[in-house]
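Colleague: The structure's right below; bear with me while I get my questions together.
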Amino acid sequence: MGDYEEETAFLGQNGPFFIIVFLLLNAIYISTGFHSFYIVFAGASPSHSCQVLDGNLSEEWIKASIPVEEMNGKLEQSKCWRYHLDTIKRFATEGYNYGDINLTEVSKERCADGWNYSTDIYHSTIVSEWDLVCEREWQVPFASSTLYMGYLVGSLVSGQLSDRFIPESPRWLISQGRIAEAEAILKDAAKKNKVTAPEIIFKASEVKAAPSHMKKYSMIDIVKTSNICCTTFMCLLLWMAINIGYFGLSLNTSNLLGNPFLNCFLSAVTEVPAYIIATLLLKNCPRRPLLSAFLSIGGGFLLLIQLIPDSLHTLALSLEMAGKFGFTMSFTVVYIYTAEIYPTVLRNLGIGMCSSAARIGSITAPYVIFLGTFSKYLPYILMGSLTIGSSLANIFLPETFGKVLPETVEQMQKCKGCYRVDVPMAEEGKKEVILKEDSEATTVKKRYSTQE
């Protein structure tokens, strides 16, 4: 195949065709955005305490029946325990004032009569509707994870239907030998862009060179050779780590101090400059250091949050938004970077597998945030450490900036540190040629020099 960019240069870089495809893709992502994060509010946990159903107790005794506990360095009413109600009733019947009794010595019991939920912020959530608190609190992250499990399954099904709505990639069609279909799409694009397409876009020699029966690639080919397997492993790690951080911070907005609606708005607004800056930098900067820098920004700011005193909650919020800024830029870069690494024949499969890993990351994220019930800094430490660690994996990936997109497996760049490189033969039925490791080649050279 010749130079694809030169042969399709007649389309230009702008035009109605590109705008239509851009809007169609954005319509899909905008719609999924609403579904992805509605759980932030639907699954929020309002302030709550044990309900005391006894009309004979005064308001003072009802309030006194709830123990005071230390939570995250502050004294608050217990959310899951109350003093034994029969004991409280006996004290009230005998005429004691609640200030005359040392209630800390009274035995406690679970909230047998349910809970009272504050309606100051949320009128109703799945937590208040189904009492998903205390020993049932684990069901809240499970509900979020179930939502993302549905996305994982749905993406596998909807991927088969994608061709019905968006034009197939001409580059991929050519790699499959479907020249006529590729030319039809390009001519239709030229018509929409109001430009004249050549009668024959791809040279006749190239059309003849395309075999009538092209090799069909599957998921097995993504891990078939040591080079592709190494590259895929690094990409899966990156996608999973970025998604845990991105979705974790997005889902955590309702747990932050202050107005949860304002916090969610700030979290969303933070993404706008992140996408713009990342897009501009992608045009002029190498991918590998760019991604490492963004990952370090995202993870580094999260690790700093634990050092901020509780009195400076505005500063802590700013650091979390800065972390979200870094994760959003990482998300933008890793999409482009992964597409540039894989050859055309494996690009859809590679990105599809990475997208599945991303779904696993989003499924895990709610449980990472749930760790905040044990220690509010634990989710930040875990997400920050995982992100910094994944930036090290980025070192082993090849640089793609300024390089021609690979078309075949043979043209795919080598993963750094992968000494054994498997190169599949073009002809079917032949065994793969395995190149010797660099260390073996070096040994041969040394022996040859010695003999001379």
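The backbone N, Cα and C atoms fix where each Cβ goes, glycine too.
Pasting the feature list from TrEMBL:
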TRANSMEM  17-41  transmembrane segment
TRANSMEM  225-248  transmembrane segment
TRANSMEM  260-282  transmembrane segment
TRANSMEM  289-309  transmembrane segment
TRANSMEM  377-397  transmembrane segment
Colleague: Checking distant contacts: for the transmembrane segment (225-248), what same-chain residues at least six beyond its ends satisfy Cβ-Cβ under 8 A?
Modeller: 36, 148, 291, 295, 298-299, 302, 323-324, 327-328, 330-331, 334, 338, 341-342, 346, 350, 353-355, 357-362, 364-366, 368-369, 379, 383, 386-387, 389-390, 393-394, 396-398, 409, 412, 414-415, 417-418, 420-424, 432
Colleague: Taking the transmembrane segment (289-309) as reference, which of 17-41, 260-282, 377-397 has the most Cβ pairs under 8 angstroms?
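Modeller: Top-ranked stretch among 17-41, 260-282, 377-397: 377-397.
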Colleague: So if I exclude everything within five residues of the ends of the transmembrane segment (260-282), which remaining residues of that chain have a CB under 8 angstroms from its CBs? That is, six or more out.
Modeller: 37, 40-41, 44, 121, 249-250, 253-254, 290, 294, 317, 321, 324-326, 328-329, 332-333, 336
